[in-house]
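A.B. asks: Straight from TrEMBL, here's the annotation block:
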ACT_SITE  TYR146  active site, proton donor
ACT_SITE  LYS217  active site, proton acceptor
BINDING   ARG199, ASN467  (S)-malate binding site
BINDING   GLU288, ASP289, ASP312  divalent metal cation binding site
DOMAIN    123-303  domain 'Malic enzyme N-terminal'
DOMAIN    313-601  domain 'Malic enzyme NAD-binding'
Amino acid sequence: MSSKLYGQMRASSSSVLKRLKQKNPWLSQWSRSFTTTEGHRPTMVHKRSLDILHDPWFNKGTAFTMTERDRLDLRGLLPPNVMSTEQQIERFMADLKRLEVQARDGPSDPYALAKWRILNRLHDRNETMYYNVLIANIEEYAPIVYTPTVGLVCQNYSGLFRRPRGMYFSAEDRGEMMSMVYNWPADQVDMIVVTDGSRILGLGDLGVQGIGIAIGKLDLYVAAAGINPQRVLPVMIDVGTNNEKLLKDPLYLGLQRHRLDGDEYIAVVDEFMEAVFTRWPHVTVQFEDFQSKWAFKLLQRYRTTYRMFNDDVQGTAGVAIAGLLGAVRAQGRPMIDFPKQKIVVAGAGSAGIGVLNAARKTMARMLGNNESAYESALRQFWVVDANGLITDERENIDPDALPFARKIKEIHRQGLREGASLVEVVKQVKPDVLLGLSAVGGLFSKEVLEALKCSTSTRPAIFAMSNPTKNAECTPEEAFSIVGDNIVFASGSPFKDVDLELQSKSGTRSAKFSSILGKFFAGMPSLQSVEINNNPFSVIGLGTLLSGSRIISDGMLQAAAECLAAYMSEEEVLKGVIYPSISSIRDITKEVAAAVIKESIEEDLAEGYREMDARELQKLSQEEILEYVKNNMWSPEYPTLVYKQD
């Protein structure tokens, strides 16, 4: 159905409801929860025949009913047997298992990339079925469409490119972006994920090939947060690349020039932001994998003007805060004890500083949210970068890291010095948490992990957050086998199942655990591992959309983190389970999105969505907000298609 016609229908139904409410006051309570379930509306299309079959947004394949086949001139263009969605998925899954080996480009081609190719081909021809498959098999396929496989996809994207997806704004398009944005066919876009390809995961500058990260992230947003796939847009801002290999590659699809810098770079991003918000004033733009040099600057430049956030700075921080609060609970202490945690952070890039700022704000809020609380919170962090412990004696210190530089007189009393190694810092500080955001694989060496055994915490936490998998600071097996089984471990990338032989007074015990996308195996109550990523923060986009908030505030991000931290039961956190399973991601989405909406209302930022204006939102109870979120989450169900001639 066209957006214009749908808007007229909604306006009409809204006016009818208002008249009914005047005559029947009891209808007021009912009308507040009145929403039309997302994805169930008839859809108006302006094409028929082969054009429909070649359009992944509307193609149903063999699931077109005979009525639709007649209505859309499809009779005779498809086999006669009308199949159900379940039958289509069953057939696809059988083909996928059979084709996995055949799809490999030789023995060196990983099975994961072969799976990605097969799933990508399904995405190209039938979006609804693609998301059905992804949601039904989220634990298996999330690592295929996103990290770690997406890193491999981005590295090889020029060779893998077959069909365009998303939009490309380049330095050569300056002065044309305002008109370019109207080339995208959707009249409504709710969510944009944009990257400049400068720092893809821990793989560095991949130039235009970085669009794979935006595509993969939005796939999970659709699957996890229920955002309509016809209203999402992956974007690449191509300002060149400093990757010499790509500059010399004749098959590279991007601009073969060195990256723009300074005011020229800013001018390109400014023009892009103005263009997309001119056409789609209510869109949320997520910045993804921008190098540290620009991540903070662009966030500060746009966050009070546009509805946007930076996933690496704020998303990673939010998920990390949820885990850090969960770790406090796993130690048998209340979350209010978080300001007492001693935290050693390895890594001072955009993600590291983002987590530090968020953790400091969380501690300060718990301590009274005043100047002295902020100063007190700073004393809980020790930051180590490539040059060692950061102190106020450091020359040319990054301004973003400066607040976290330890005072040299203070650390001398602790037996430390400027530039002290990670091992030295862990030995002297005896931290409650060792947090890795360094993108340096294996940084948590045997010596570092041995030093952590001296932690003053009854249950120290190890967060190896860097991804892809090869960049993880340590593996779950290394952490548990060296530090011991009474730890909390979380990783930023998935790991294969491992078996540990643990020595105890009762003899040898075998315990199995997995870190793959939040799947828990309780071989022993205290032995748990979970992969963490920013996917729960896809609900920031959903919560912002449904609240109609003008901006994304720190309070909204904090509300999401605290809701995620509180989601686990006491029994689960005492077993070390600090993040929920990704298999329950849609249930988590409802809860966290509701928390975001509630916070936006309390901060007087909410302006409403569709028929639910700001005043109606304010009247909703907690249960009604949850129902409102649920009814506005898109589900992969084939809509009824109605043809209308242009």
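Cβ coordinates are placed from backbone N, Cα and C, and glycine is handled just like the others.
Because TrEMBL annotations are produced automatically, they should be read as predictions rather than curated entries.
Bear in mind that the values here come from a model prediction, so they are computed numbers and not experimental data.
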A.B. asks: Please tell me which one of the recorded positions listed here (TYR146, LYS217, GLU288) sits closest to ASN467 ((S)-malate binding site), measuring Cα to Cα?
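C.D. replies: The answer is TYR146.
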A.B. asks: Note the Cβ centroid of GLU288, ASP289, ASP312, the recorded divalent metal cation site, then list each other residue of that chain whose Cβ lies within 8 Å of it, in sequence.
C.D. replies: THR195, ARG199, ILE200, ILE213, PHE287, PHE290, ALA295, ASN310, ASP311
A.B. asks: Find the one among the recorded positions TYR146, LYS217, GLU288, ASP289, ASP312 whose C-alpha lies closest to that of ARG199 ((S)-malate binding site).
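C.D. replies: Result for ARG199 ((S)-malate binding site): the nearest of the recorded positions is ASP289.
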A.B. asks: Let me check the 10 A CB neighbour count of GLU288 (divalent metal cation binding site). How many other CB atoms are there?
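C.D. replies: So the number of other Cβ atoms within 10 Å of GLU288 (divalent metal cation binding site) is 27.
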A.B. asks: Out of TYR146, GLU288, ASP312, the recorded positions in the record, which is closest to LYS217 (active site, proton acceptor) when you go by Cα distance?
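C.D. replies: Comparing Cα positions, the candidate nearest LYS217 (active site, proton acceptor) turns out to be TYR146.
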A.B. asks: List the same-chain residues at least 6 positions away in sequence whose Cβ sits under 8 Å from the Cβ of ASP289 (divalent metal cation binding site), in sequence order, or say none.
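C.D. replies: Result: THR195, GLY197, SER198, ARG199, ILE200, LEU201, GLY210, ILE213, ASP311, ASP312.
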A.B. asks: Tally every other Cβ atom lying within 10 Å of the Cβ atom of the residue listed as 'active site, proton donor'.
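C.D. replies: So the number of other Cβ atoms within 10 Å of the residue listed as 'active site, proton donor' is 26.
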A.B. asks: Return only the integer: C-alpha distance in Å from TYR146 (active site, proton donor) to GLU288 (divalent metal cation binding site).
C.D. replies: 13
